[in-house]
Amino acid sequence: MKLKEALRYLLAFGLPIVILCLPLSAFGIEGMTIQEQRVVAIFVMAALCWVLEPIPIYATSVLVIVLELLVLSDKALIFFKSGVEQPDFGVVLNYKDIMATFASPIIMLFLGGFFLAMAATKYRLDVNLARVLLKPFGHKPANVMLGLMVITAIFSMFMSNTATTAMMLAILVPVLSIFSPGDRGKAAFALAIPVAANIGGIGTPIGTPPNAIALKYLTGDNYIGFGEWMSFAVPFVVVMLLIAWFLLKTLFPSQQDKMELAIKGKFLKTPKAIVVYVTFAVTILLWLMGSSHGMNSYTVALIPVAVFSVTKIIGKDDLKNISWDVLWLVSGGFALGLALDKTGLASHAVSAIPFAEFSPLLVIFAVTLLCLLMANFMSHTATANLLMPIVAALAVSMDSLAGFGGTKAILLCVTFAASLGMSLPISTPPNALAHAAGHTTTGDMAKVGAALGAIGVALTFVMVYLMRVVGYV
Amino acid sequence: MEKLTIICVDDQPEVLNAVARDIGSLSSHCDIEECQSAQECLDLLEELDAEGKPIALVISDHVMPEKNGVQMLTEIASDGRFKTTRLFLLTGLATHQDTIQAINQAGIDQYFEKAWDPDELLAECKRALTRFVFAAGLDYLDYQPVLDAEKTFELVAGRG
């Protein structure tokens, strides 16, 4: 155990140091600069740290940002700036640009989402909505399961997948004890929640961090607004949910003929609670309206932050509960992307490999499957952090990709694939939570997760194809 | 991942062994320490705290020579360093007055009567460990096998 631990550190931090010591000619890239070499080292460190996790994944992000500041920026340590006048030194990054990744508009969008979710939880809007929405689904187990999946998916579009899963499992798990011990239906229910949360996260730009990371690279002509994103992602989520529901109830039929979920409580009617409901509704409405009101989704996201702070709905202590780790994890990815882009390494490296000779379809398939594979074994966000900047550079350099939807198409494929990695308990925190409840085995999860991953990726290709047919991408 | 610490206190070695055996399955993620007196436990707490060990739970008997269990638990509860530590009283012989003090002053989480139900003890230990992990700001994913699933859902959901 100790040796394994030590090896992880050695590999994650040793290999980047070796890379730093190599001569520039060793990289096989024409015109490689010293700054680019340093970016390679930081990128390799980030990749190894995110895969092997010797340190927490958000810590890796923080480390990326700080190392970039100390090594690559115009305010770097003095010895890293010696030789700056040499032709092969390369581009020096502006330290303000690196620090700005902490407060990038996309981070603010997420912060707005966190405020909405925190207020909804604090004033029990989530649980009360779940109670009301579950009612029409009746008491037949298969229908209740569909209801739970629909609600989980809707909530995870606006709340974190993890918090949604925890909330829904808290409602569900006590009820599972009435099932007979050998009833396989329990596995269906226990898996339905994380599956629906992972799929539901795809539905909106704030549903899950990989979506936000994709937005970072979907700029200019490729810009996708909040409502626009939902216009194709929500139908995708609906189809995937139905497939998942059908799969689960076929694989694990329940012998139970009736079940009842008891959710206690009433909608709060205090003035503060009403402010929460109204703000929630207005924010989402403004997001859906696109830019017709002059604001974009990023500026809209700060409205709930202001409203909930002013009304003390989110107080000083609540602020401490914000998932800064998620925000920093994404920021680090942006900083990594910034360094790859601004030093010119991404385009340099991509042009060194003759991608133009490959079939664009093959490239889309390959990166999507790579993303799905990585997302099964490591954090979805870290996967997106690593792949997105490279895929974005690749898309720009590959003219032949334009015939298949260009940057938008390939980034959407990768983004959706990142959320579809859900075959293991370690794939995502929702899976880990569901697994801990004990009603499902790793084998069941692997079967369902792998099937849905494969179906989901195929469906993503169909979706992008249809978007191409209607001329959207 | 750093192991959590559970301290069991009882002057009778056979009871101590029984408790340690009943919660033995937690040893994958917890160091289970055994103390035969209140003073030994307090000394151990000092020592572990100096090493920065996360002290998750103290399970104590009440009637012991010298300092009794409720007195010791009250001392621990009023020590700011151990404010996230969960406390159990496990006894056959506590007076009404002792019990009141255990609840009001020591703020114990659970009161177990001898002889206890091993499954119940283990389940309550898991619940206490879950509360501790969240209160101490540790990552629950690191300790999942020894945590209570339903308590975890509740605490994760509460964070929004």
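Placed from the backbone N, Cα and C atoms, the Cβ positions cover glycine too.
TrEMBL: automatically predicted annotations, no manual curation.
Fair warning: this is a prediction, and the values are worked out from it, not measured in the lab.
Lifted from TrEMBL, the feature list:
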type	residues	note
DOMAIN	B:5-129	domain 'Response regulatory'
MOD_RES	B:D61	4-aspartylphosphate
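Mean pLDDT for the domain 'Response regulatory' (B:5-129) in the predicted structure: 93. In the domain 'Response regulatory' (B:5-129), helix, strand and coil residues by DSSP number 61 helix, 27 strand, 37 coil. Within the same chain, the residues at least 6 positions away from B:D61 (4-aspartylphosphate) whose Cβ sits under 8 Å from its Cβ are B:V9, B:D10, B:D11, B:Q12, B:V15, B:G69, B:L90, B:T91, listed in sequence order.
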